[in-house]
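Right, one structure below, let's go through it.
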Amino acid sequence: MKKSQLIYIIVLPIYFLLGNIEVKSQFLIDQDTFLNPKSIYQKAQISNVGSENLKIEDFLEKQDSFDFKAISGPNTNLGFTKDNFWLKFKIQNTANKTLSLFFETGRPITDIIELHQIDQAGTIISQVTGDLLPFSEKPLSHRKMIFPIELEANQEYEFYVQYQSDGEVINLPLELHSANSLILTSYKEQLVFGLFYGILLLAGTIYLFFYFGIKEKSFLLYFTYVLSIALLHLSLDGYFFQYFTPDAGWISRNAVLLAAAFSTLAFGSYVQVYMKVSNFSPVLNKIYNSLHICVIALITAIFFIRSVVEFYYPLVNLFGILLLFLIIGTLIVSIRKNAAPDIFFSVGLFFFFAGFLVFILNNFSVIPNSFITENASKFGTGLEIIFLSLSMANRIRILKSEKEKMQGIALQRSQESNEIKSFFLSNISHELRTPLNAVIGLSKSIQESTEDQKIKSDLEVIQYSSLGLLSAIDDIFDYSKIEKKELKLEERQLEISKVIQELRTITDNQVKNKKLKFIYEEINQLPKYIIGDKARIRQIILNVLNNAVKFTQDGEVKLSINSVLQKNDTVNLNIIVQDTGVGIDKEKLDRIYESFIQEQIDDKRKFGGFGLGLCIVKALVELYEGKIEISSEQGKGTKVQIDLNFKVPSRDQKLPSSPLVNGDYDLEGKHILIVEDNPVNQMVMKSILRKWKNTSFDIANHGLEALDKLKASHFDLILMDLQMPEMDGYEATEAIRKGEAGSKYQNIPIIAVTADATDKAKSKVKAVGMDDYMTKPVDKDELYTKIQHAFYLVKVDLSGVL
Ligand code: ADP
């Protein structure tokens, strides 16, 4: 601390106590080039003349009747006042030249200040300034209350200054400036003020943007608080008057009052929301609300009740101080209740209190005047805003981590619900396939054994409807797989012409019922075998063909296939399905692959269908890296073009894809073990195998029984259900592969026959060592092919070993 400051600390209270010291000597000055302003307060005296608004001449006459007191400090505060004050002092120019100086007489928001300069000849020069006059009429165009004065060589002057206020505080800086010191002080202030307002502007705008980004209320309140603080300081510093309301008037006169009231309101609301006061103390929350109501009442009074304006200044300060204590109380309670705000917020508040304290102590001259103490509230507020900004940034981090946590929970939930969905779907498919298996299998079996034509055709209807139901189940199941990106293709050799033949038969039957014409055209002869997924290829073409038949009332449906052999053993199949049906309108065509769209719902009522077909077709075509194009004209018909590439097996690779010779089912003396717990499924299996030549079989009800049967007699192949009591298909297979049924069975062909069509089941089947997999309802041709295939592979395997 400087020596001079120490002296102030010791001397000032004494001044303050003595109060009334006669000051007689004048202020001597001999130059106008000094760099630091000079305070004349020690040479000045002040008198409160009450409500009297005297002219200088009247004052001079009456002045002896007034009680003059010495000034207690360099920036004395006269308090909230409506009275008129007169200040007097003498200055003597001891230099031999005229000195041009500037006299700062009051804080920037003083209402009216009159300065009267009287020379030794008794000539009076009067000037007036204040924020009740337009800015342009100020004697010096500066935000502060400054009068330019001229002191002639070796002359002594008496100065009289009159202060008028409508209730605001009057401060007495009383500084004499040279042009140099005025410029230097202004620059220094400009730097600090620039920083201060810059911080407010940045903090305010950034958090306003954040508010728009995350819509969190505390950010908007913070912005409002920063804005009101900026307004308050702009008014106190005189900038608001200078730049926003230079013509003076109502707003200019009340700017400080309103800004102070708004900042109390904004700060209180911000703290209340930021600290979530209502959560830990409803009582404190009520106090905040009451205080806010008082402030709002004050704001309303400022606008409408002008007769008691002088009370508003102390009142708004009182509310400010109350808020200060309320915040301290809130902090203490929040710490006690374990709801303390973060450290940045607390440090921010600390700076706010510290700045405020220094400002008040300085106002009461308890601590000496200096650039720092005078601007204490600016430093305090600036640091407060910086720390509150940090705390808001911290809040963003907390909100983000809360959001991430919520997202984590949501993700976990969606994973769980996905798992439930998968389980549900596989269960549904299992539960629906098992009875369908029985319906299809047994009706086929009866159909083959009966001669009654009526029964035969009724059974055909049953089968047709069951197959429709089965394909609907498959569609739902496939759709869920597409959603989960789990749809995969098998790569097996297949006889494509047979698949096409089958599709032609189905379509022929369908068009017959609707009296349509079905045309098939094969532009180049198809290769005998291709490598692909038979079921999926069938599904692609059948879906499109079904749509063509479904949406055509009369005319024809045409399927044409062109195959072009390419290099690298591949074949390009160009499949075109054309109809003369209702067609598709253009808007709908653009969204044709989307499932469940509104237009489709309307069609559904007319034509039926899940609205999944084309969505699945497109996904499958994309899996084959092929192309699908649909063109259509409403009322004229639709054309679907599909372009797919398949590998063709080279000659020596070819496997017997269909071991059926002349429609004979002959297993040449093989003994099969059927492991199946469901009696209906057992019946279906029996009814199929019984009709095959040279085929014998036995049935085990579960895995354990299967192991026993294997130990007791000889089997060539096992058809294994998966879900069974006692020991399921997976466990039984593992036991067999480990040799628990005897080492000779370790490589026995095992084919899974299951209603579980999930990929999970398929891959588990492979993992436990089964040779093949087929789904129920059992198709006898597929079963026969799979069995033949299994035997063939064993043969190839063995020949490889030998
Ligand atoms: P759906 O199971 O309802 O047939 P799709 O995905 O196969 O579902 O077809 C979606 C919609 O596209 C159908 O509901 C129908 O409105 C239209 N659509 C498909 N193919 C044709 C066609 N050949 N002629 C007219 N409209 C068609």
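Using the three backbone atoms N, Cα and C, a Cβ is placed for every residue, glycine included.
Whatever TrEMBL says is automated annotation, not expert-curated.
TrEMBL has this to say about the protein:
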DOMAIN    427-648  domain 'Histidine kinase'
DOMAIN    671-791  domain 'Response regulatory'
MOD_RES   Asp721  4-aspartylphosphate
TRANSMEM  191-212  transmembrane segment
TRANSMEM  219-236  transmembrane segment
TRANSMEM  256-275  transmembrane segment
TRANSMEM  287-305  transmembrane segment
TRANSMEM  311-332  transmembrane segment
TRANSMEM  344-367  transmembrane segment
Three-state composition of the domain 'Response regulatory' (671-791), taking helix and strand from DSSP: 56 helix, 26 strand, 39 coil
Leading contact stretch, 191-212, 256-275, 311-332 vs the transmembrane segment (219-236) - CB distance under 8 Å: 256-275
For the transmembrane segment (191-212), distant same-chain residues with Cβ under 8 A (at least six beyond the ends): 219-220, 222-223, 226-227, 229-230, 233-234, 237, 375, 378, 381-382, 385-386, 388-389, 392, 396
Distant-in-sequence neighbours of the transmembrane segment (256-275), which means Cβ under 8 A and at least six residues beyond its ends: 109, 168, 217-218, 221-222, 224-225, 227-229, 231-232, 234-236, 240, 285, 288, 291-292, 295-296, 298-299, 302, 312-313, 316-317, 319-320, 323, 326-327, 330, 334, 339, 341, 345, 391, 395
